[in-house]
2 protein chains.
Amino acid sequence: MPRPNTNFESKKQELIEIAFELFMKKGYEDTTITDILKAAMISKGAMYHYFDKKEDILDAVINYIIALDEKRYEPILKDTNISAIGKIIKMLKSSDSDVPKEIRVAREQLSKRSISIFDYRSRELSNKRTAEVLAKIIADGVASGELKTAYPKETAQLIISSANNIHENAIENPTPENIKKQVDYFIWVLSTGLGIEQEQIEELKNLVVSQLK
Amino acid sequence: MPRPNTNFESKKQELIEIAFELFMKKGYEDTTITDILKAAMISKGAMYHYFDKKEDILDAVINYIIALDEKRYEPILKDTNISAIGKIIKMLKSSDSDVPKEIRVAREQLSKRSISIFDYRSRELSNKRTAEVLAKIIADGVASGELKTAYPKETAQLIISSANNIHENAIENPTPENIKKQVDYFIWVLSTGLGIEQEQIEELKNLVVSQLK
């Protein structure tokens, strides 16, 4: 394998974008390595300099989409004038509505099948990355004394898991009582996990209610 | 579609077992619908009486494996002489060591690829089912006054999510300090979620430590 250098990275990026286009057109499962080789006009041997197997290309494409999507978190992370709770609220708000349209289209295109490896892997990597961003916000909030936990990373993971769980529960049983229950539980997880009063996240509560409806 | 009847169910079960064998031999991704039709000696039209698409067969096969595996929870659920905490401990103990060998082999065989739909879907359905069993134990523990939560189902889901998270964190960074941290966090989630003192789950703590090692 050649030493990583600018040329290597830019060629790799080119391959990722070519694979991305192909996955968009045909879906991940129906795109073959041969399709990618043809479109990139390289040999199988050359491809192995960059990726060992098709699954590695999948991960690279997903991480590419996540990185594009993640740009919307940058101003939130950099803003020194908002509290940690304010940042968490902005982050959760952002994840619902601010996803750029081309990324939403890409995600739809990429998961042509009802149960798709793309969907699962994408959700997994995306949850992981979101938890990392949230962990940073929580750690900052702990440092400033606003939040209280000895486990910023683990709390962030649990909040993401809980958000996914309550979202699924709300889809499964979308009655007003159940949605209220899910929100109440999520607020409890958040306030208990972050060592804050539930009243401090009243705004977040309303946000979650509106997102689950 | 014919009315569900004994004959329908037994034919469906036969198809599930045939598909299971094929998935074992070739892996899920490399088994085609045609392979299944040939092995079952039925037409594509006949197959549609039972399954709309290949993914439905995957789910049926996974649920079949889960049901086989789940038999080990039956004596725990039925035992009226153990406390809810005792049952949770038994359940967590069981999930590590008591998986029948044929199921372990099947799981390995079914996920031939490094990122396999079988793995993802299997984990998803299995987590869901484990959370249902755990929710029942928690609800019973609440009814008897041993545990305290208004959200048995949601707490069960959160405990399963947390167990998966700490397991992955421990694999990612298997230093003794990190393993201790993950266990401490899990015990905190459990005691806080179930409204009990950490001392009450000292035995569970040792169990989790040994499982993460």
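One is the number of the first residue shown, and numbering goes on along the chain from there.
Glycine is treated like the rest: Cβ placed from N, Cα and C.
Not measured: the values here are computed from a predicted model.
Residues in the domain 'HTH tetR-type' (B:9-69) partition by DSSP class (helix H, G, I; strand E, B; coil) as 46 helix, 0 strand, 15 coil. Summarising the annotation, TrEMBL assigns domain 'HTH tetR-type' to B:9-69.
Annotation comment: TrEMBL describes B:32-51 as DNA-binding region. Same-chain neighbours of the DNA-binding region (B:32-51): 1-2, 8, 11-12, 14-15, 18-19, 21-22, 26, 57, 60, counting only residues six or more beyond its ends whose CB sits under 8 Å from a CB of the stretch.
The predicted model assigns the domain 'HTH tetR-type' (B:9-69) a mean pLDDT of 90.
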